[in-house]
């Protein structure tokens, strides 16, 4: 079996590197010399308080060492990847916190045979030395309907116990009181995971195989088998199956929650799920749980108890009360504990009303002739772009995704619909601004944004003037906006090459008594020549800039489209002259 890639220095030393990495970046933590143990740096503050120790095999980061800090754990003992920590290190941690003046030590352990044995042996050895030690085993897995002799597995729910126990210890509660309280709380916790892919221990191959179209429900955090495999389905369907399974009244391992109960929710990344997917799961979980009548008091999303690089997610539910919430909300310095809002998730408005767009005043005396000219010119533009669709797509396949023509054709259809609507303003500034909005909404792609930007900037100089000089300023403003926000310059093999060439000629319109049509004709020719010249350019912006210059021997499709638009404008104006 092929060994999976891991970014490590060495397989044997990876756990030591993990702990040193954590303590190097977390000034409040230290490693116990000679052991894979992480402790609070301020052990003197534990004097007179119950010390809390946890741990287990590595590979579940940030658990458990990330939860060491004031308000949570006093220390953590780490074992090799997916292997229980050695008894000697557990005893060393107990002795260290006891010698610091702890008023007893509580071991918080996930329900796995190796952890129970090793922590149990350490407890007995410590007691023989006269130390006061108790142990609580947390078992929150809801996968199996009938309980096996080993009981439920320990999963992500233990981090909630870390938090509750830590708050109680900070309040100065005694060892027996804390142990009794967290046992009661733990009984109201349930977790269930689903996997989309396996994980792999460093130096080894995947722990199991899973089809590319399969998911597995109820697997363990070490790659242990789950209860059922399904074909891939939507997130909503997966979350519904998970929560239905966790709360099934016929299941011996169900979590006891019902409509009207208050809960804390954890949506936990098992290691390899993208942040995007995790939030989609969170959305589904909140919606489904609230639909069941449950009140979500607090919610956490993130990576809290992982299984190396496993792509998957677990959902944890904990029945809560005002007393538990008060403890949950206490401050902690543990580096892996997130900043959780103290406001309830349920019962709040999750949207802001969108501010309405300022209504545009209607034109009191629209110029019908201007509207006719705009419509005629736009008609020419649309016909030209539609006829060039395949040619532009073909040019775009060399450096883009082959949709330049389709994008421009989509713009043409949108403009045709706009013409048919009879909503074209006659004022030139409003006309360009309205056309900008049409392209932004309907054209799509980078081209849509660039044309919209060009037109919006071009509209500004025409607000109070509409003569040739204003149109020259309009063209210049549009080109400058494209350069400023698009990041391209003339010579970068983009539509800007054609537009900039035309702009240079059109600035002659600023000369009094200039021949408008003659200048426009020269601008159109200059744009066409510039578009052809792009075949000799190296792309400096846009998607084509990532392609080798040797493959770009034809004109840029964006420049060709821009030149064609200018030609169509010229043709449309000539048709009415």
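Each position is counted from 1, following the chain as shown.
Cβ atoms are placed via backbone N, Cα and C, with glycine included.
A simple way to gauge crowding: the CB of residue 222 (active site, tele-hemiaminal-histidine intermediate) has 20 other CB atoms within 10 angstroms, across all the protein chains here. According to TrEMBL, the active site, tele-hemiaminal-histidine intermediate annotation covers 222.
Feature annotation from TrEMBL assigns substrate binding site to 57, 58, 59, 60, 110, 115. Under a cutoff of 8 A between CB atoms, and with a sequence separation of 6+ in the same chain, the neighbours of residue 110 (substrate binding site) are 56, 137, 138, 139, 153, 154, 155, 158.
Residues or ranges marked as domain 'DhaK' in TrEMBL: 10-337.
The domain 'DhaL' annotation in TrEMBL covers 372-571.
Summarising the annotation, TrEMBL assigns region 'Disordered' to 338-366. For the region 'Disordered' (338-366), residue counts in helix, strand and coil come to 0 helix, 0 strand, 29 coil, using DSSP.
Beyond the ends of the region 'Disordered' (338-366), by six or more residues, the same chain brings 265, 286, 290, 294-300, 302, 328-329, 425-427, 430 to within a C-beta distance below 8 angstroms of the stretch. It is 59 that, of the binding-site residues 57, 59, has its Cβ surrounded by the most other Cβ atoms within 10 Å. In the three-state DSSP scheme, residue 59 (substrate binding site) falls into the coil class. Calculated from their C-alpha atoms, the gap between residue 222 (active site, tele-hemiaminal-histidine intermediate) and residue 115 (substrate binding site) amounts to 13 Å. The substrate site is set by 57, 58, 59, 60, 110, 115; from the centre of their CB atoms, other residues of the chain with a CB within 8 Å are 55, 56, 63, 64, 78, 79, 81, 82, 83, 84, 112, 221, 222.
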